[in-house]
Every structure is written in C-alpha cells, then in structure tokens.
Amino acid sequence: MILNINIDVTTWALVFILSNVSAEESRTGIFCIEPDTLNARLDGLVFGTFEKIPPRLCFNKCIRRPKCHSYNYNRAMLKCELNVKPMSEADFHNKDGYVYVEIDRYRGDSLYDTCRGNHCKEGEVCESLKNGKKVCVQDRSNLQNLDISVGKTQYDMIVCAHYDGPGTNGEHIVFNMERKAIGRYVKLNIVGIGRLQFAEIKVFAVPTESVVC
C-alpha cells in the first residue's frame, strides 16, 4: 500500500494515527441503551478488550461481531469488554462502575444494528466502508510486521523504519527514522505472509532536532 502524503520536505520522523474504517461507528445523534445490569461485570468470558472508547463504540464493537453475546462497560475508565455467552449466574460478579448489556435483542434493528442484513460468520467482524458498503473481515489485528518506506516517487523509495505491531484503533505511533529521507510518498510493505485490515492511516512528517543516518 502506497500513501501519497503530498509533502516535499526532509522527513526525519513519521507519526501514524490509526483508526478503523467504519463510517457508521462515528454517527452523531442521541444514543441510549438501557443496561441489563448495573454495577456488575461478567467474568471469565471476555474475548476482546478495547480501551478509551465511548459507550456507543463499545456497543458497535459487540453488535458487529456474531461471537459477541454481551459487553461490560466502565464509563469512568472508558473500558469495553466483549463477552461470549455466559453459562450460569455464577459468572456474574458485583463491580462498581460497570454496566452489563446483552446485545442479541438489538440485532436486526435498523436504529441500532449498523450492519443489519450482513451475515458475518463467527470469527469475523462487519466493517462499514466510507462508500456505505458493508464487508466481513477476519476479527484480528492485521496491521503488523510492516516495512515503512519513503521516497520522491513510487519507484524510488528507501526503507526508513519497521513496525512490529499489531496496531490498535486510535493508536498514535511515532517512528524515529533510521535515515534521513526526502519525499512525498510513504509505502507500507508487509514482511512475510499477511494482509492489512481495513484501516485509515494518517501520516505526518515531523522534524526532529537530530537525525540518525
């Protein structure tokens, strides 16, 4: 993947801001979900955790995954935990600040289900592209093990940094360049076998006081 960042400056450091491409997840408007249980958390059945996200995004993270039966959310910490189906009441524990929400009754409701009618399989997540199309992708972090190159053209580029990953939504990543580069294109090249998750990547060139060549 090659990004045209439209700069023609000496690039000493790159800042990457990662965000999942899911236009429906950032819709404006009133969002109100009645928790099934207050000050309670489902323990031992969490299969995914997201930090620093609002309650609506936590809801969407769950409803877009067939595997997700419910979620725990802590508003003070902005922490979201996705759960598989509980086996018994013993799986619940009192936990101040948490709410517990079951998701199944919202599936198929156009007011809440942002991927209504898109039947993803367990182990997949439904994503919304900016053109409104819905796609099912594997539910895993795929932005990892990348060589990052910079160059004046798409055919004259040098590798300046490596990213081990995996990337997380909303993450800010700063790379101190191993060598100085002048260019307007940035290329992300997967090392080995893999594929990129649908993601939006914003790239900024930031001058630093010293350059490692």
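Yeah, the Cβs are placed from backbone N, Cα and C, and that goes for glycine too.
Going by TrEMBL, these are the annotated features:
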- 57-101: domain 'Apple' (DOMAIN)
- 1-23: signal peptide (SIGNAL)
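Taking DSSP states H, G and I as helix and E and B as strand, the domain 'Apple' (57-101) has 10 helix, 20 strand, 15 coil. In this model, the domain 'Apple' (57-101) carries an average pLDDT of 92.
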